Amino acid sequence: TDDQSRMNICWKNLVSGSSLAVCRPGFFKASPQSPSCSKCPPHSYTHEEASTSCLCEEHYFRRESDPPTMACTRPPSAPRNAISNVNETSVFLEWIPPADTGGRKDVSYYIACKKCGSPSGLCEACGSHVRYLPQQIGLKNTSVMMVDLLAHTNYTFEIEAVNGVSDQSPAARQYVAVNVTTNQAAPSPISIVKKGKIAKNSISLSWQEPDRPNGIILEYEIKYFEKDQETSYTIIKSKKTKITVNGLKPASTYIFQIRARTAAGYGGFSRRFEFETSPVSVAASSDQSQIPIIAVSVTVGVILLAVVIGFLLSGSCCNHDCGWASSLRAVAYPSLIWSVRCGYSKAKQDPEEEKMHFHNGHIKLPGLRTYIDPHTYEDPNQAVHEFAKEIEASCITIERVIGAGEFGEVCSGRLKLPGKREFPVAIKTLKVGYTEKQRRDFLGEASIMGQFDHPNIIHLEGVVTKSKPVMIVTEYMENGSLDTFLKKNDGQFTVIQLVGMLRGIASGMKYLSDMGYVHRDLAARNILINSNLVCKVSDFGLSRVLEDDPEAAYTTRGGKIPIRWTAPEAIAFRKFTSASDVWSYGIVMWEVVSYGERPYWEMTNQDVIKAVEEGYRLPNPMDCPAALYQLMLDCWQKDRNSRPKFDEIVSMLDKLIRNPSSLKTLVNASSRVSNLLVEHSPLGSGAYRSVGEWLEAIKMGRYTEIFMENGYSSMDAVAQVTLEDLRRLGVTLVGHQKKIMSSLQEMKVQLVNGMVPL
Ligand code: AMP
């Protein structure tokens, strides 16, 4: 009865010493002093009355230190989206936290490393030689780096998320596994270099094999340069661990660095060793030893050139020499001709040594620098670090997002380098979850940009590769990309301002073509403009050049090409050259003068290809100076050899800027065929009545007969003359070729005043 049960409760309270009520099932009171009973926390229960704690449900646990009021928890689920980045014998892993933390905040990560044999596939624990940075157990961050792994080995890394109750759970571990194969490690740097015999023109060196060769050493590369003249250095190759470097200046200090090469590629260079040649003795002031070197240099140079050209033609290279051969291949073909004249030299060293003079990483040709394709590096990271400065992330302040690149956001911000004033920069970031290829392609742009130094080429400040996110830092261009800027400011500039922009772009392109770099995606959208209206060429990619351009379309041959900007030979058979860049430059001229109008408007790519192939060209933009339109038409010559070179474009624009009245003549309004393409005719009749009169006027009368005999009997026919034709006609003197070609060029500009499109 009720009285009976009330008596029982009273009795219990008396026994427990508590004067308060007993908790019902599902409730508990941890301490008798607690004023009331609490509901069992989540994932716990009690079926008893008067419970002082609740029991955990199945698969849920409580740590001893967890208060009874805390929910029961369980181990976390597996980490997600793990990605790996292999660099020789190091592996970087990154992941995102588990979807389910098990209800706890004390999640950390444990890395299990297994070495798996092939083809058996059996795995064993990695052993203690592997180092984990920062640690293997109890990782709080979601990334880790393993170093000192074995070369060419398959590893499986299991990333397990654990929490305070993981060790109580009998359930299987929850982890995400990543399989990687390490690359072969390059040899470690050489640490000891000793000087031997020193003479006034030579220094003998010897060194020890690297501590960790990681393979058979195929050769050593010795780089040296005169102190403080690093941009001009020489590289010698040797199979031995000693060498005598000849041809040095007396009483001069030289810096030497040596690195070893195995099948895995080059190791890092040794630190710099500084040695000085002995002073010149009065008696021996004329250096006899130089004579044989110079004597052999041209001959051996020619032989070597033949070998190099052989390489170029065969297009093949053996594995060991790929890096070397392809850096040679990266040297533009004309520079090889230069080399003969400049005495591309192989000094008389040990027969096992090859010597080349480099300037900024290339065969040294006075006054000429060439671009090195980062693809020619076995290790693309090496290319990045050769051409781009590493910046500490702490020096960068990101301010706002200004654009979207293919690999991530583009931001503006500020860079404060030690000892320098803070200045604005643009920061391109690589989004998280990137693949190794994406990282390589992203940084490839920096490896290219870092080789250029010109006021009309976007300047690279450096890269951040040692921390996340990976970034490329460049100078900041306040007005952003040129096409958008022009559209926003339609009709706002004077012709001289527009020509100034075009002159800048042409000058940047001249620099690139001199370097042997073909841009392939020159378009107003890839030009940046700053607050002073200075235009700079940007967007230097590797394979991505055309991949990330929304204008690029697939051609029947499978490549992706920005059709409207591309020369017909590049579309048809991928003949990308500086001459095809000139075609694109002509389209950029048209975009600039028409304030960002879309070339060929809404015509389809197929129609554009067909129209251009049939000889149609874009009509002159509204209010376009005749001279500019003629230059555009010249850039769109079908025969790529007839197109002007960038240096000619620069000088022509300079002339126009110096003589602004030359820009006053607009293309005859009646000749404008709006919305229709004009048929391209290079040159009509000229100011000269005959070919003879013209040639006499430019003091080239001696060629009149040859011209007439070969069918160039009218000015119309002469207009088609190319440099190749001149050579064929026997005009071999460069000065004469220039005179004739530039006169033709000039005539075209003048004649356009009266031009009527067909
Ligand atoms: P990109 O990936 O190089 O095509 O850059 C995407 C966009 O970011 C461009 O269209 C520009 O609007 C902007 N941008 C890129 N680089 C710079 C820079 N150096 N200064 C200012 N804006 C930039």
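Placement of Cβ uses the backbone N, Cα and C atoms for every residue, glycine included.
Of all Cβ atoms in the protein chains displayed, 22 besides its own lie within 10 Å of the Cβ of Lys428 (ATP binding site). Residues or ranges marked as ATP binding site in TrEMBL: Lys428.
Residues annotated as domain 'Fibronectin type-III' in TrEMBL: 75-185 (among others). According to DSSP, the domain 'Fibronectin type-III' (75-185) comprises 3 helix, 52 strand, 56 coil.
Under the heading domain 'Fibronectin type-III', TrEMBL lists 186-280 (among others).
Annotation source TrEMBL lists domain 'Protein kinase' at 396-657. Averaged across the domain 'Protein kinase' (396-657), pLDDT in this predicted model comes to 91.
As annotated by TrEMBL, domain 'SAM' applies to 686-750. Residue counts for the domain 'SAM' (686-750) by DSSP state, with H, G and I taken as helix and E and B as strand, are 43 helix, 0 strand, 22 coil.
Under the heading transmembrane segment, TrEMBL lists 293-313.
Under DSSP, Lys428 (ATP binding site) is assigned to a strand (E or B) in the three-state scheme.
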